[in-house]
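Peer 1: Straight from Swiss-Prot, here's the annotation block:
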TOPO_DOM  1-27  topological domain 'Extracellular'
CARBOHYD  Asn4  N-linked glycosylation site
CARBOHYD  Asn8  N-linked glycosylation site
TRANSMEM  28-48  transmembrane segment
TOPO_DOM  49-53  topological domain 'Cytoplasmic'
TRANSMEM  54-74  transmembrane segment
TOPO_DOM  75-91  topological domain 'Extracellular'
DISULFID  Cys91-Cys168  disulfide bond
TRANSMEM  92-112  transmembrane segment
TOPO_DOM  113-134  topological domain 'Cytoplasmic'
TRANSMEM  135-155  transmembrane segment
TOPO_DOM  156-182  topological domain 'Extracellular'
CARBOHYD  Asn164  N-linked glycosylation site
TRANSMEM  183-203  transmembrane segment
TOPO_DOM  204-231  topological domain 'Cytoplasmic'
TRANSMEM  232-252  transmembrane segment
TOPO_DOM  253-268  topological domain 'Extracellular'
TRANSMEM  269-289  transmembrane segment
TOPO_DOM  290-335  topological domain 'Cytoplasmic'
Amino acid sequence: MTDNFTCNKTDGDNTDFRYFIYAVTYTVILVPGLIGNILALWVFYGYMKETKRAVVFMINLAIADLLQILSLPLRIFYYLNHDWPFGPGLCMFCFYLKYVNMYASIYFLVCISVRRFWFLMYPFRFNDCKQKYDLYISIIGWLIICLACLLFPLLRTNDDTPGNRTKCFVDLPIRNVNLAQSVAMITIGEVVGFVTPLMIVLYCTWKTALSLQNKYPISQHLGEKKKALKMILTCAGVFLVCFVPYHFSFPLDFLVKSNEIKSCFARRVILIFHSVALCLASLNSCLDPVIYYFTTNEFRRRLSRQDLPDNIQLHTKSYKIASNHATSTVAAELC
């Protein structure tokens, strides 16, 4: 009894620290993530018909990021006020969006990596690949992710707690589930939602890097390979920074909240580690627009409006040609 009381007190001592980390992280992410992803959607829509290079997947990735960003003000409110006055339905929906964003981001980062890899390694086979196929892949991915992520809110309960304080997000209690079933669900989720996508991204990175070692590369192909490797490496970097720590800490956090881990010191370390990992997982909404800017020439060109002077010159030349033609016609008629 005393040990349980001591551990509960230790967990409670971590609460203010964890709330502070969450509030600061989400505040930092909110404005840059919102502006960056809205700009990304505008840019991608503008040159969607000009390229076949994974633009559909990038659009879906930006949409996934916006889903999480739009819920951040409510998360910030909760972690600053330590209370949720907006009802259990909205709490569960925002909680659900977090996981939809995470696994949609993982899915579309994999799609972008595979698309660039295939387009580079098998250009003739995939050169005529239409964007509608990417659209079908995106729709199927959204359906699977949205259905699979329903497990996260279903495994939580939002019963009110004493003291007129309503819990939400990381404080939602876990329902009583058999340990064997819990381990099975976590294992399947980790393998399907994290390990397999990570292996695919690392494989694409490895094979693309090997292709640069060709002794007689054509300069144009070498440039394309370097661009593709840059894109795939950036996707792998975001994957490793944002999602690896979370998927290491998630099973441990689940065991803590299920009271399977009894050591007070271990509980304290795991709760802090999971809080940091959760913040890193949220950073992907802010980092994805950086991927677009530094790895996509069309994105930089349109965002910097470098194509604007060309358009102005084109319209000016057209106007001059039309004016000269009209002048010549009038002169001929007068003669």
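The backbone N, Cα and C atoms fix where each Cβ goes, glycine too.
Since this is a predicted model, take the numbers as computed values, not measurements.
Can you tell me where each of these features sits in this structure?
Peer 2: The average pLDDT computed over the topological domain 'Extracellular' (1-27) stands at 72.
A Cβ distance under 8 Å defines the sequence-distant neighbours of the transmembrane segment (54-74), meaning residues of its chain 6+ beyond its ends; these are 26, 29-30, 33-34, 37-38, 40-41, 44-45, 47-48, 86, 90, 94, 97-98, 100-101, 104-105, 108-109, 111-112, 115-116, 119, 131, 134-135, 137-138, 141-142, 282, 284-285, 288-289, 292, 296.
Within the chain, the topological domain 'Extracellular' (75-91) has long-range Cβ neighbours (under 8 A, six or more residues past its boundaries) at 19-20, 22-23, 26-27, 30, 158, 165-169, 172.
Cys168 (disulfide bond) has a Cβ environment of 24 other Cβ atoms inside 10 Å. Taken residue by residue with DSSP, Cys168 (disulfide bond) is part of neither helix nor strand, so it is coil.
Same-chain neighbours of the transmembrane segment (92-112): 54, 57-58, 60-61, 64-65, 67-68, 71, 74-75, 134, 137-138, 141-142, 145-146, 148-150, 152-153, 156, 158, 168-169, 172, 193-194, 197, 200-201, 231, 235, 238-239, 242-243, 246, 281-282, 284-285, 288, counting only residues six or more beyond its ends whose CB sits under 8 Å from a CB of the stretch.
For the transmembrane segment (135-155), the list of distant contacts is 56-57, 60, 92, 95-96, 99-100, 103-104, 107-108, 111, 174-175, 177, 185, 189, 193: same-chain residues at least six beyond its ends, Cβ to Cβ under 8 Å.
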Peer 1: Per DSSP, what is the residue tally for the topological domain 'Extracellular' (75-91) in helix, strand and coil?
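Peer 2: Residue counts in helix, strand and coil order: 11 helix, 0 strand, 6 coil.
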Peer 1: Count the Cβ atoms, other than its own, that fall within 10 Å of the Cβ of Cys91 (disulfide bond), considering every protein chain shown.
Peer 2: 21
